[in-house]
């Protein structure tokens, strides 16, 4: 029922209007509107009010030291650090404030489920690029809506806000792949500490035993962290508390968090949620910080899209042609460097439109070759997930979707006490493991060999507790209306073997790229997926979880038994975890598929870098947001050091 999303949207709008207690919450939630109205009255214009001192002047040619294309997770971090170091810096962003493009809901963690489903109907938000995949062979030829942030903050303003670092062995493999030991965790770790400020979870709003005992020890000292806020949610669902018992019953160990280079085990999630008022903390925090400091050397060009990188005769990037939302075209020049931070789909698109990419693709579209780079748009990694749902004996998200009284209560708890179900990202418990021996017997020798490439501490699968029915992911708010409460145990493939690609559909940046993730096309992924669904059922079958089950498996149902039936169910229900990466992969110069070097510099040209998840040489297991931030901080540090030396 797609009306469910509309129902929740309308009910919350009413509550937002009527809640008398909202006054103390208004500064963060609605300051863009207040400042915009005040600015309009004063004759300054709407956009100028949005960013104040850092708003770029639209519509005319300008010159900066550095030009960053994309105001997302990595781009805002890059732009802020370069400006902080004294360089005149521009950030070009196709969207605007997500508070303006997702009005009233952008910062509420519990509404992260809105408009991210696979159905085309979900592509409703102006803060979404509204990407659509090609028909996916591995998913019974389904097409997918793929949500990605088109706003200041990028996908850090859209995602499920899970924060963690990767396993130690993954960083060793990264360092080996690019020939640079500074990517080992012992050296890379300081950049994870640089972007974030950690606040301990509130023991008055969640049990103390749901928090890490290490906590702040894994982050920068007080007052020395970055603008992005990290904490624990102010709510823990009953499902998360029971799920940890189920995971423990099948042999997973409880860790002390996921920031020390070890993911194997389970724990409650850290999130990029501001603990004090339970609001989302995205990379837009860098822009807010710059505006607060009145950093006039940083300018953000909103509603502006980079259309082509310009080069001089020596193949040095000299600037970016841009298009405004109203169609005007002008050039933002770069005296030093252009940095592309447009994400795993748009970064390779921009490179190809600028003459960097596979020669046959460029020739097909009549684009002059600046640098032949066959790896641009290739080697796409991504994670997929799926999982069985059951009715349970406690309240889940179904309660607020079916009962207006419960919804009103949830809204009141959130706005008055900054707690309750809306203060949570909806996934408070996760775990990782390599599949146990009893489920590996059907793996082919090729699959075993391919999985053997991953480090010993690199998990193959992830467990995530979904606090409701998920089914085929068409809409995450499409719930059964039978009066029951539902929970889902999701499983993700985090050592994927399938590789996808992205290419251009025309010579215009306004046309969507052609996105072919190729999910579940590798035989090894299919074998792991079948084993994983069996493993998810094993967790549900533990006495602990049977005690809270309210009937048999609801989805896919007990009729799905054979390996063939299980695989077909996975094909029908899989969904991206929204982690595309490696489409401009980092690697050594002798690697023909490498697009950038260890310092994110594009091979074959000068003055051009790619800094975002597309530059990863490998996709870390789990959730890459923290690693994207850390990579941006690391590359910014190198750019600044080099620029000051030169």
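The backbone N, Cα and C atoms fix where each Cβ goes, and this holds for glycine too.
Automated prediction, rather than curation, is the source of TrEMBL annotations.
Per TrEMBL, the feature signal peptide maps to 1-20. Residues or ranges marked as domain 'Glucose-methanol-choline oxidoreductase N-terminal' in TrEMBL: 343-357. The FAD binding site annotation in TrEMBL covers 578, 579. Here TrEMBL flags 579 as active site, proton donor. According to TrEMBL, the feature active site, proton acceptor maps to 623.
Structure with TrEMBL features highlighted.
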residue: 578; record: FAD binding site; Cβ neighbours (10 Å): 18
residue: 579; record: FAD binding site; Cβ neighbours (10 Å): 24
residue: 623; record: active site, proton acceptor; Cβ neighbours (10 Å): 27
Between the residue listed as 'active site, proton acceptor' and residue 579 (FAD binding site): CA-CA distance (Å): 7
Folded-back contacts onto the domain 'Glucose-methanol-choline oxidoreductase N-terminal' (343-357), same chain, C-beta under 8 angstroms, at least six residues removed: 69-70, 72, 129, 131, 148, 154-155, 306-311, 367-374, 376-377, 380, 502-504, 507-509, 513, 515, 580-584, 595, 602, 604-605, 610, 612-615
Length of the line joining the Cα atoms of residue 578 (FAD binding site) and residue 623 (active site, proton acceptor), in Å: 9
PLDDT averaged over every residue in the domain 'Glucose-methanol-choline oxidoreductase N-terminal' (343-357): 99
Residue counts (helix, strand, coil, in that order) that DSSP gives for the domain 'Glucose-methanol-choline oxidoreductase N-terminal' (343-357): 11 helix, 2 strand, 2 coil
